[in-house]
Structure formats: structure tokens, C-alpha cells
Amino acid sequence: SVGFKAGVKEYKLTYYTPEYETKDTDILAAFRVSPQPGVPPEEAGAAVAAESSTGTWTTVWTDGLTNLDRYKGRCYHIDPVLGEEDQYIAYVAYPLDLFEEGSVTNMFTSIVGNVFGFKALRALRLEDLRIPTAYVKTFQGPPHGIQVERDKLNKYGRPLLGCTIKPKLGLSAKNYGRAVYECLRGGLDFTKDDENVNSQPFMRWRDRLLFCAEAIFKSQAETGEIKGHYLNATAGNCEEMMKRAVFARELGVPIVMHDYLTGGFTANTTLASYCRDNGLLLHIHRAMHAVIDRQKNHGIHFRVLAKALRMSGGDHIHSGTVVGKLEGERNITLSFVVLLRDDYIEKDRSRGIFFTQDWVSLPGVLPVASGGIHVWHMPALVEIFGDDSVLQFGGGTLGHPWGNAPGAVANRVSLEACVQARNEGRDLAREGNDIIREACKWSPELAAACEVWKEIKFEFTDMDTLD
């Protein structure tokens, strides 16, 4: 036998294997790699495969105690990125045995935990993951999913309407509950805690939950519709988070909320499991996502974070609006909307989808459009997102000149008008403004909203665009 040979050798000698044929059980990753000057793309891709699986910087004698061919990641293909200098898409295959079953935390720790600080790379971005069906089946996924949520709420054939209570910080619990009641009474399906509403000196969580529950039940009694408020259970530790979720269940409310990136995947999966066992819907906010996903050449694309959330568990997740104040190019946004909702998604590079993904009946997640949207956006939102979505107007409800309830009425009327027009075969993209103006004739609340927001636009170039 050759025996152990100490020393450093190029990664590509072991981890670049263009002849490798991927297996149905492999986790496949597409990385956007920007090598340092003088580093060949094959070496950069192999380094990513090595450092995110079994490799380290030097040969170690314990390599001989295992079967590296069975466990190593492999860079099996490299494509140059069109229009970009010294950028490549490196495709890496990971054997399934490298990952703990049912753990998004372990999956990310392995694939992106260490390699992003690697000196041989100027920048690195995880663009997409293919999760094999064998691994998908180890996850519970969303607590309930789209169909079960509609059945619980008894609401069909239209998007759901929400509103984030503003100002997000500073209201007392009683005033907060009053704002919730006004919005729900006016016709919204949900109201929402903002992502940073946890348990602060001006409003402790228990007081907020009590006043919001009162608002929910009072508005339900008046409207005959099932209502909800996303009670944010995010906390400084898992025990406190679960205490808040348990209290929400004891109050009999239908939904709680979690900030899944700041709270962490372990906490999120724990909460999602509790929600399924106890009949609570789970709304997910993606606070901190732009720190990770906004730069085009470094970080993790949101389509990966969206897939991870579907595995970890959540019934709603914020997905961008295309038309509002926050980043979101149309094709890119629609690519992760289908990855959240559909059961089988074909590879489609025109939308940035690198791999075919089969979710094998894992429940779907409702995308939430939220951020700088108002009644004039309603036709575009209905056309872009379709029925299985939540359209969330914070300032677009609470900023109504007549108050919260009329703001909610304006949103509900504009939504119903757009859905009816679509069902009659009208073109929302072309006739949207006319549809809204027609509805204004029989809704003074909508007419007032249209007057306030007729000139508001957010016209900036998206940072994250398709190649």
C-alpha cells in the first residue's frame, strides 16, 4: 500500500470530478464562485466542495480510517456566468449521509457554515439547492399548509388580507388592541405584530396577547368571519418562545408568528412542531434576510432560504411584493413563490431555478406580499400572486385619512373588485386602474384612499437581477 503521505495538495485532485453522475439521493448545490486572481475555477469549485464536506487544508492520516469516496462532496460541473468577469456557477453534489435527518440547522452548518470565509475566494453565493425526496421526507414542513388553512378560516377563491400594526413600536397594549380591532372589523382577515414587537417595556407580551385576543373575538362576532392576529412568539430563548405560543393557544387564537432567521432554524422547527400538534397556524417573518441575500455575488439567495423555511415549517412567509417599497424583481420573486406553493417545480434558468424540485406532497406555504403597497397596487398584486397569497397593507391601511376601519374597508373593496373582474375575464394588468376607479363609485372609503396614494411610487433599480 502507498501509506499516509503528509503535505498539502490541490483540492481539485480529490474534489473536482466532472465525470461524476449525480444520484437521486444527493443534495445538489449551485454556488456563484468568485475566485481570487490566479485561482482556477476548478480549484475554487473543488475547494468549496471540500471545505463544506470532508476536506481540510492539508492531508490528514485519519482520512485512511474512512471511505472518502462515499462521504466527500464533489464539484461536478462549472459554468461561467454570462456578462460577469471571473464569476462561475460551481455545481456541488453532497452524499445524503453527510446530513442529520430533519435538521435544517445541520444542513446549513455543513453547506455554508465554514466555506464563505475561505481566502481563495473573493466572494461566494449559494444560489440554489436541490433537496432530494428522501431528505424532504424527514421533515414535517409547514404546520398545516395552504388547504388546511383555508379550511380553518373558511375563506376560498381570493387572496387573504393582512395589515401590520403601525407605529411598530411605542403603542400601549390597549391602544394596540384597539388598532387590531378596527382593522379586523373593517374587513381584513389578519393583523400582524411587526417583526421587532416582542416584549418591550412599553408593551409586555402577555398584555398584548390579551388585548389582541379581545379584538379578534369582538370583530369575529360583529362580522361573522374568522379573524386572526399574528402574535409574535419570538423571544430571547426557546423556553420563553414556547411559553408565548402556549398562552396564545390557551386564549383560543388561530395563529402565531416567528422571526425565523433571527430566531434560528432550531427554534423555528420546534415552534412549527408545536403548532401542528396544537392546531395553530404559523406566520413567518424573514427579518434579517437582506443581510444574507441582497448582494448578488455573496451570501445566500432567498430561494434557498425559502426552501429551508418550507422544510423547517411555516404557513406564511414574506416574499416581497414586486411593486412595493422593498427589493423584489418580478421573475425572481415568482421563482420562490412557486417554490413555496407548488408540489413539483421544473428547472427554469430564466427564473433563476437551477434544479427541478419535487416536494413529494410536503404542505405549501402562502407567500406574503408586504411593504409599501396600497390600493392602486391591488390589481397587479392579484395578477402576480393569485389567490394563494396574503396581501398585507400596513401604512396602506392605517394611513387612510379616515382611520383604520375605513382603510381596511378600502382594501377589502378593492380586492373584491379585482377578484370579480378577473373572474369575469378582464385583464387586470391592462384594466387595473379602471377597475379600481369603478369600485370607487360605490365605496367612499376606497375613493378617499385612491386620492391619498395616487402619486406614490417606489422606482428604484433592483439589486438582485437575473443573469
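Backbone N, Cα and C define each Cβ position, glycine as well.
The Cβ neighbour count for LYS166 (active site, proton acceptor), using a 10 Å radius over every protein chain in view, is 16. LYS166 (active site, proton acceptor) falls outside any helix or strand according to DSSP and counts as coil. Annotation comment: Swiss-Prot describes LYS166 (among others) as active site, proton acceptor.
Taken from Swiss-Prot, the feature active site, proton acceptor covers HIS285 (among others). Mapped onto three states, the DSSP output places HIS285 (active site, proton acceptor) in strand. The Cβ of HIS285 (active site, proton acceptor) lies under 8 Å from the Cβ of GLU195, ASN232, MET257, HIS258, ASP259, TYR260, ILE317, HIS318, each on the same chain and at least six residues away in sequence.
LYS168 (substrate binding site) has a Cβ environment of 14 other Cβ atoms inside 10 Å. Residues or ranges marked as substrate binding site in Swiss-Prot: ASN114, THR164, LYS168, ARG286, HIS318, SER370.
Around the Cβ of GLU195 (Mg(2+) binding site), a 10 Å sphere holds 20 further Cβ atoms from the protein chains shown. Swiss-Prot lists LYS192, ASP194, GLU195 with the feature Mg(2+) binding site, giving sequence analysis as the kind of evidence.
The Cβ of LYS5 (N6,N6,N6-trimethyllysine) lies under 8 Å from the Cβ of THR59, each on the same chain and at least six residues away in sequence. Annotation source Swiss-Prot lists N6,N6,N6-trimethyllysine at LYS5.
Sequence-distant contacts of LYS192 (Mg(2+) binding site), defined as residues of its own chain at least six apart whose C-beta falls under 8 angstroms from its C-beta, comprise GLY162, CYS163, THR164, ILE165, HIS229, TYR230, MET257, HIS283, GLN392, GLY394. Marked as N6-carboxylysine by Swiss-Prot on the basis of sequence analysis: LYS192.
The feature site 'Transition state stabilizer' is assigned by Swiss-Prot to LYS325, with sequence analysis given as support.
Take the mean position of the Cβ atoms of LYS192, ASP194, GLU195, the recorded Mg(2+) site; other residues of that chain with a Cβ within 8 Å of it are THR164, ILE165, LYS168, ASP193, ASN196, VAL197, TYR230, ASN232, MET257, HIS285. Cα-Cα distances to ASP194 (Mg(2+) binding site) place LYS166 within 10 Å, out of the recorded positions LYS166, ARG286, SER370. Taking every pair among ASN114, THR164, LYS168, ARG286, HIS318, SER370, the residues recorded as binding substrate, the greatest CA to CA distance is 36 Å.
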